[in-house]
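Report on the structure given below.
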Amino acid sequence: MSHILRAAVLAAMLLPLPSMADQAGKSPNAVRYHGGDEIILQGFHWNVVREAPNDWYNILRQQAATIAADGFSAIWMPVPWRDFSSWSDGSKSGGGEGYFWHDFNKNGRYGSDAQLRQAASALGGAGVKVLYDVVPNHMNRGYPDKEINLPAGQGFWRNDCADPGNYPNDCDDGDRFIGGDADLNTGHPQVYGMFRDEFTNLRSQYGAGGFRFDFVRGYAPERVNSWMTDSADNSFCVGELWKGPSEYPNWDWRNTASWQQIIKDWSDRAKCPVFDFALKERMQNGSIADWKHGLNGNPDPRWREVAVTFVDNHDTGYSPGQNGGQHHWALQDGLIRQAYAYILTSPGTPVVYWSHMYDWGYGDFIRQLIQVRRAAGVRADSAISFHSGYSGLVATVSGSQQTLVVALNSDLGNPGQVASGSFSEAVNASNGQVRVWRSGTGSGGGEPGALVSVSFRCDNGATQMGDSVYAVGNVSQLGNWSPAAALRLTDTSGYPTWKGSIALPAGQNEEWKCLIRNEANATQVRQWQGGANNSLTPSEGATTVGRL
């Protein structure tokens, strides 16, 4: 054992251990949210297979360092399974996006198996967790020469049993997809095991750090929990439950429930976060003030921590190219900046749509918001309070390092009207319709005790898949020497150098070190920086460097 590793083991033994939930990368309620500090990029749009046929994995590989430098800790990848389907209704056509796959072969319209592995390796090496979109509910059972053979009449398919309509039957415990003839019986032991083994394969061979479960209205949430337990228990997961109260039958309790209650119930049973369609519905149908009614704005942190917030995605929003993509529920252009300002400064796990980030000119604005979120230490379960008496939406968000005051389409004059202390303006966009202030960095922000932004750098941080470089030190903002509370550095554009900005009290002598640990299990400390501690006296814009 090297002296560095020996020191790391000894240090870990002497430090307080995190809870078991923390060790597993789960919330206190055992939900797989990976610590609640993820910022996810949706790594595709609907027309990718037509705009960049057979080349998308190469593009993701080439963009890996940029994605990491932009502040994303995870990427939602397209469905990796082969889909050569096609459809046309006269005015529109499509197919091949992965949502009507026919087998688990990875040589599809996004690129080859080898290109997928290279992209996953590049992203993982840059510190970006790979989350695969998976579609267990249905498949293209009629495609010739597929590598999966599930004969009819043996209980593998929904329509092997009598179908009462769009309700569960003896061969399917969820809603049917379109007519239901393509729906798999995920409760059948062979079908269940087929997916369990494939999820394990994606984790072990293709760098999966988690999964996005498509169309979860089609199968029991408990099945998602079982798959995760059996194949990737410490990984991230999120479910797409796009089903409003009115879509449930009159005898179902969800028919008179709220969107929040419906999606939270799914999360409780699946033990996975869930897309915040409660917030999306308010973005589409309510005023900006109504955005507080999303799952991420719930007064209970156990509700906020499971919310995966988004503005638009490949289904709801527009895409470059043919027919503008799906755009089933697209947010109006005039609210896109306000929506990103909200999800990137508030609780929940935010997802940024690829086209908003890299195609349509919102990238610089989104980068600025990501930096504000990271510096403030806003997490999925951060506290949020809303303030009435003003137009638009006004909220105060308490991060681990700074407090943010957010005003959207509001007549709020200054943050002092709703929060005490010193604040400085962090964001002012859309002619004042988007304003964000942060605590501790106003004029005089260099005075002792005020929070200032310090750039941290750790050199020589070579890591394995699933590990990252962290800064840990002798103040609460640096975790009080606890690896479980250390601050992850997210800029890996110069890998193996890792960088990040951390807000620290000005004028106080502080000490810190670099360390490498597993992202999901804080007890798995791989390496502590050797030698003496790094020392600094924080001031606004200062830089401090450590070396592993």
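Each residue's number is its place along the chain shown, starting with 1.
From the backbone N, Cα and C atoms, a Cβ is placed for every residue, glycine too.
Swiss-Prot lists Asn137, Asp172, Asp175, Gly218 as Ca(2+) 2-binding residues, and of the candidates Asp145, Asp181, Asp183 the one it assigns to that same site is Asp183. Here Swiss-Prot has Tyr99, Phe100, His138, Phe177, Ile178, Gly179, Gly180, Asp181, Arg212, Arg217, Gly218, His314 binding substrate, and the candidate from Gln115, Gln190, Gln326 in that same listed site is Gln326. Between the listed ranges 409-428, 529-548, Swiss-Prot ties the annotation region 'Disordered' to 529-548. The helix, strand and coil residue counts that DSSP assigns across the domain 'CBM20' (446-548) are 9 helix, 52 strand, 42 coil. Secondary structure at Gly218 (substrate binding site), taken from DSSP and collapsed to helix, strand or coil, is helix.
Of all Cβ atoms in the shown protein chains, 17 besides its own fall within 10 Å of the Cβ of Asp315 (site 'Transition state stabilizer').
Checked against Glu240 (active site, proton donor) by C-alpha proximity, the recorded positions Asn137, Ile178, Asp214, Cys272, Gln326 yield Asp214 as the nearest. In terms of Cα distance, the recorded positions that sit within 10 Å of Arg212 (substrate binding site) are Cys237, chosen from Asn137, Cys171, Asp172, Asp183, Cys237. Of the binding-site residues Asn137, Gln326, Asn137 has the largest number of other Cβ atoms within 10 Å of its own Cβ. For the Ca(2+) 2 site, the Cβ centre of Asn137, Asp172, Asp175, Asp183, Gly218 serves as reference, and the other residues of the chain with Cβ at most 8 Å from it are His138, Arg158, Gly174, Arg176, Phe177, Gly180, Leu184, Thr186, Phe215, Arg217, Tyr219.
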